[in-house]
């Protein structure tokens, strides 16, 4: 009995993990024999300017072909979360077998159906189809110049290119527009023409890419500009800190040689004075350590997913990017537990189980909470973006049976391997009073200014990423994204080190939260930029698209802020430990 339960548990776990792996969605091998069935899948339909507001193709009163329906089930979690709604078209298509213009069904157009088509045409509805995982887009219809009469495209002219036994190209031409009038019958027809192509199977997605947009001189110039800014900033920070620290060390060495009377009469100031408080635990250490652990995990996920995308061309498979990100996030949960658990232990935290739960579910709760809210709006709109209940259950299973146990393993390792508070200075029993300082040295001001330079290094790349996600562009220049990620981390660390040095020099030892928040403030500027992008760079409209946009932009900005905050804190922590290790403390 026990062994059977164990087998069932293992099978369930493998099924959950297997569902996350990116796999070929329908035509697994992508190879065909002559006259073998080729499936035309109908996906979604929706307004052109609202990419995320999509509905099932047959939510409009289109008719289905006479061929027997083929059942389809989502095979990746990413497809289900992205609202992929594949339904069989009913069209009879066979490999290398041409079809002359043939009527496959007729629409009995009554007044409600006419109104549905007219609404779709007025809102510029487009639809998406798939043949052998290759996307095809077509427009529902068009209006006349006055916008009073509306026409439906009734003829789908398919031209499919093949190379040996593989499909490498698909083109759709919409023809034969028919005026929409109630109480009429509209014949829907299609034709299929096959042509030999020299395009290699590995290069068949190149036609969907836009090198003139992503590899524009402005993109190259922005990367070069950010790279030069990094070199300048690193050199400037290194020079200033090395010269300043050398003077500090020289001044502190002279003070050590003075007797007690001279030292009391001297002008003592600077970061050495707070050596007894600089390693004091931060306020709210449980939340702080959970944020640091989550930020380290987000950085790991970003780094790994970008490398996988550079190697595997994830844009060629539906939902594969999201599936890969979820799988990598679940697999890197020990990183969260290790860094969060070890930091919490160093700061003397005792409720480590609570810290582990908060660290494990901080990001999933934020994402799922936002998705749950938007899901209500999607259900109200009957949109395909509404997440099925079974998919929600699968995500919850991943959180409880994959992420939480791996986080527990990381927490235990972090507490045991690097949880000892081996600080170079002893912590005083009584906190030192913080002296008055100039307004621009206050932590609130430092936090507001800390994110300007990191945002300046990435805001051009933000435009390209936003355009690929919120418009009809496929992002494929992941080498640029990796370079921008490295630049962002370097700039963030340099800025937070400088901010922390000024703070400590003003004898304010509250550097932990200040370093985290000053780096995380980059997210505030990114979210502000998203408002500009929405109102001036897009034509989005409606409650669903607006809530979807600003909801998930808030999630993206928050995750970016947590990652930058963790990176800034880790770099600053190494800097603080280094300078207090090298100075002689009584």
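From the backbone N, Cα and C atoms, a Cβ is placed for every residue, glycine too.
If you look up TrEMBL, you'll see 1-25 marked as signal peptide.
Within its own chain, the transmembrane segment (220-242) has Cβ neighbours under 8 Å at 453, 456-458, 460-461, 480, 483-484, 487, 490-491, 494-495, 497-498, 501, counting only residues six or more beyond its boundaries. Taken from TrEMBL, the feature transmembrane segment covers 220-242 (among others).
Among the features that TrEMBL reports, transmembrane segment is placed at 286-310 (among others). Outside the transmembrane segment (286-310) by six or more residues, the chain places 321, 324-325, 328-329, 332-333, 335-341, 343-344, 347, 349, 351, 354-355, 358-359, 362-363, 478-479, 481-482, 485, 489, 512-513, 516, 559, 562-567, 569-570 with a CB less than 8 A from a CB of the stretch.
Positions annotated as transmembrane segment by TrEMBL: 322-345 (among others).
Sequence annotations record features per position, and here TrEMBL assigns transmembrane segment to 357-381 (among others).
According to TrEMBL, the feature transmembrane segment maps to 387-409 (among others).
With a threshold of 8 Å between CB atoms, the same-chain residues lying at least 6 positions outside the transmembrane segment (444-466) that come near it are 213-214, 218-219, 222-223, 226, 229-230, 233, 475, 477, 480-481, 484, 487-488, 491-492, 495-496, 499, 502-503, 514, 517-526, 529-530, 533, 537, 564, 568. The transmembrane segment feature in TrEMBL is assigned to 444-466 (among others).
The transmembrane segment annotation in TrEMBL covers 478-504 (among others).
Within its own chain, the transmembrane segment (516-536) has Cβ neighbours under 8 Å at 288, 291-292, 443, 446-452, 454-455, 458-459, 462-463, 466, 470, 488, 492, 495-496, 499, 546, 549-550, 553-554, 556-558, 560-562, 564-569, counting only residues six or more beyond its boundaries. According to TrEMBL, the feature transmembrane segment maps to 516-536 (among others).
Residues annotated as transmembrane segment in TrEMBL: 548-570 (among others). Below 8 angstroms of C-beta separation, residues 52-53, 291-296, 298-299, 302, 339, 363, 366-367, 370, 373-374, 377, 385, 450-451, 454, 470, 488-489, 492-493, 495-496, 512, 515-524, 526-527, 530, 534, 540 of the same chain, each at least six residues beyond the ends of the transmembrane segment (548-570), sit close to that stretch.
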